[in-house]
Amino acid sequence: MGLHGVIEFANRLLTFVLALIALLTFLTVLNLGKKLRKGLVIPAFLLGLGIPAQAVLGGFTVLTQLNPWFVGAHFILSGILIALAALLLFRALPPVHVPVSLAIWRTANPVALIGAVTIVVGVLVTGAGPHSGDAESARNGLDLELWQHMHSYPGYALLLMNLVQLVLLARRDKGQERSYQLKVSALLLVVSIAQAIIGVLQARLGVPPVLVALHMLGASVICALLTLQWLAIRGKPTPMKSNA
């Protein structure tokens, strides 16, 4: 079967496990009281739809002999499902919301948008790289070296915007208990820095598969953190007008 075959087989088995978990989650949400299930039904339902959608897309990926565009779409859909799961978790177990200044409030959208662009461009870079999952699979034809640089630009922009957000939150929380918003922003920065280091090492070491796997794992974590930082900061529609 080989390593790739084992991975594919395990992936198919996990599909059934995830489908069962998604179904049980949706049924649990439906059985909650009207007040408790508010905001939970739609993300739980979409997660339930997303699992079979992934299975269908995965089938097309296999039929097209791991076409990089289908593989990329498969990963992006995974990122969307991770974001939905983060949304469901946030609404089910909402943290204490600390009011934010307008300056902090305005950082959430750019961080989320730049992060999403970084991930999408990273998918294109992976499709141009040597690790297709099958020696006979075609690549997307993009210039790997050029697109590695194209991937790094939004990545560095994300680091800068995330740092600005973190500094503003740290100033607000100075002398008091660290807020959930600050913790999420700090964790996002740590993971993003780790991603940047792994990305540079990949380019310098000839894209070893272990680093590619770690980079994909990091991207998945960032999908969740981008969602959580947005919800934590913009969860309330009206920010404070002060500079606090």
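Glycine too: its Cβ is placed from the backbone N, Cα and C atoms.
Now, the feature entries from TrEMBL:
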TRANSMEM  12-33  transmembrane segment
TRANSMEM  40-63  transmembrane segment
TRANSMEM  69-90  transmembrane segment
TRANSMEM  111-133  transmembrane segment
TRANSMEM  153-170  transmembrane segment
TRANSMEM  182-201  transmembrane segment
TRANSMEM  213-233  transmembrane segment
Residues from the same chain, set at least six apart from the ends of the transmembrane segment (153-170), whose C-beta lies under 8 A from its own: 100-101, 103-104, 107-108, 110-111, 114-115, 117-118, 121-122, 179, 181-182, 185-186, 188-189, 192-193, 195-196, 199, 229, 233
Tertiary contacts of the transmembrane segment (182-201), as residues 6+ beyond its ends and Cβ separation under 8 Å: 111, 148, 151-152, 155-156, 158-159, 162-163, 165-166, 169-170, 173, 211, 214-215, 218-219, 221-222, 225-226, 228-229, 232
Tertiary contacts of the transmembrane segment (12-33), as residues 6+ beyond its ends and Cβ separation under 8 Å: 40-41, 44-45, 47-48, 50-52, 54-55, 58, 88
Sequence-remote partners of the transmembrane segment (213-233) [C-beta within less than 8 Å, at least six residues beyond its ends]: 75, 78-79, 82-83, 85-87, 90, 95, 97, 100, 104-105, 107-109, 111-112, 115-116, 119, 122, 126, 165, 180-181, 184-185, 187-188, 191-192, 194-195, 198-199, 202
